[in-house]
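Enquirer: My questions all concern the structure below.
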Amino acid sequence: MSASRTNVNVAIVGTGNIGGELLNQIKGFNENASTNGTTSFNVVAISSMEGHYVSKDYQPINLSEWKNLTSQNQGAYSLDALVDFLAKSPLPAILVDNTASEAIAQSYPKFLSKKINIATPNKKAFSASNDVYQNIIKASKESGALLMHEASVGAGLPIISTLKELIATGDEIIKIEGIFSGTLSYIFNVWSPNGKKGTASFSDIVKIAKQNGYTEPDPRDDLNGMDVARKVTILSRIAGVHVESASSFPVKSLIPEPLKSAVNAEEFLAGLPNFDSEFASMREEAEKEGKVVRFVGEADVANKTTLVKLEKYDASHPFANLQSSDNIISFTTKRYHTRPLVVIGAGAGAAVTAAGVLGDMIKIMSQVRASDAPSA
């Protein structure tokens with residue numbers, strides 16, 4: 001593959017479900033680019049906890065062989081070495097962070113200050129303490145390096161881009177609310193179904209969700225509400241609401257207090273049936289009102305407040321009519337006031353998340369090409 005001035009060098013950090021899928025999608029993108037004679041991505045470094053491979057002289061790595069190549073060098077490539085490597089790139093560079101690492105997220109200013117662009121689904125950078133967040137944003141603004149994280153909320157759904165476009169076009173954001181967790185979407189859609197009486201116990205549905213791969217290995221990591229809190233923090237900050245951290249506002253936890261100290265997931269799941277009656281009474285109260293129960297995040301931009309809560313919704317409400325593990329986000333604005341703008345779809349999964357990251361990479365590449373284009 002020949003490298004033109006408008007190609008972009010890419011370093012991939014994290015090769016798990018999302019990272020591995022992204023490498024496959026980049027390979028397909030490059031094959032189409034080669035056929036069409038358009039710009040492609042030169043993947044020049046791949047790093048994970050298992051191993052790494054860094055290309056000599058920035059030559060594109062053969063993406064059909066990346067697993068074999070990274071197995072030659074144990075452990076992750078040093079972040080400082082990666083900053084230095086990308087800073088010396090003869091072509092514009094993108095760091096793609098597919099991890100959930102706080103350490104990598106806190107290193108973003110090092111990359112950005114060297115004019116290394118970043119595309120990532122990592123929520124930690126944008127929901128960390130306000131000081132960490134502001135340092136990242138400041139580094140991007142001062143260097144001009146692009147920073148995109150569409151997939152940090154809603155996987156491949158156009159949530160962040162929609163919010164930014166509403167703001168850029170002069171709309172006034174009043175409220176953002178939604179069902180941000182695919183796991184909790186599934187649990188509540190089954191436990192509190194629309195149009196019929198819920199019969200399954202909360203504990204049984206959590207167990208089924210875990211068996212089907214919807215939850216984290218320890219379901220408490222979903223039920224504590226912090227994943228939703230991080231996503232609401234990200235959107236709140238973009239909308240101009242000061243949020244000190246994802247733990248600085250009210251977050252409803254679905255973990256019964258006595259089970260917070262359970263030593264492992266098995267002990268937690270064994271004890272959860274003891275609290276089914278408490279959850280059932282909540283559901284029965286909603287059903288008497290002709291409503292369903294949903295777990296939602298809310299950024300009340302007009303009043304500068306943020307929270308994560310359980311809420312009851314009428315059967316006709318969009319939040320009451322989701323399928324499976326779908327996400328749904330509603331934007332109430334000055335323009336979209338009577339009927340809020342709604343984004344709905346699959347908000348989890350390696351394929352859609354990787355596609356969201358690739359979409360950001362394509363946007364970065366397009367902007368880099370535009371800045372490199374000769375003036376008329």
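Backbone N, Cα and C define each Cβ position, glycine as well.
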Enquirer: Same NADPH site as K67, T99, K123, G349 according to Swiss-Prot: which of I18, I167, I173?
Expert: I18
Enquirer: Given the candidates S201, S248, S253, S371, specify the residue that Swiss-Prot annotates with phosphoserine.
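Expert: Per Swiss-Prot, the residue annotated as phosphoserine is S201.
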Enquirer: Where K67 (NADPH binding site) and N17 (NADP(+) binding site) are concerned, what is their Cα separation in Å, rounded?
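Expert: Cα-Cα, rounded: 13 Å.
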Enquirer: As a test of the contact definition, list every same-chain residue at least 6 positions from K231 (active site, proton donor) whose Cβ is closer than 8 Å to its Cβ.
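Expert: The list for K231 (active site, proton donor) reads K123, S127, S152, V153, G154, F180, G297, given in order along the sequence.
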Enquirer: Going by C-alpha positions, which of the recorded positions (A155, L157, S201, D227) is nearest N17 (NADP(+) binding site)?
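Expert: That would be A155, nearest by Cα distance.
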Enquirer: To which of the binding-site residues E150, E216, D227 does the lowest count of other Cβ atoms within 10 Å belong?
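Expert: Sparsest of the binding-site residues E150, E216, D227 by Cβ contacts within 10 Å: E216.
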Enquirer: Report, in whole Å, the straight Cα-to-Cα distance of E150 (Na(+) binding site) from G213 (NADP(+) binding site).
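Expert: G213 (NADP(+) binding site) and E150 (Na(+) binding site) have their Cα atoms 24 Å apart.
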Enquirer: Taking just the CA atoms, what is the gap between L157 (Na(+) binding site) and G349 (NADP(+) binding site) in Å?
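Expert: Roughly 11 Å, rounded to the nearest whole number.
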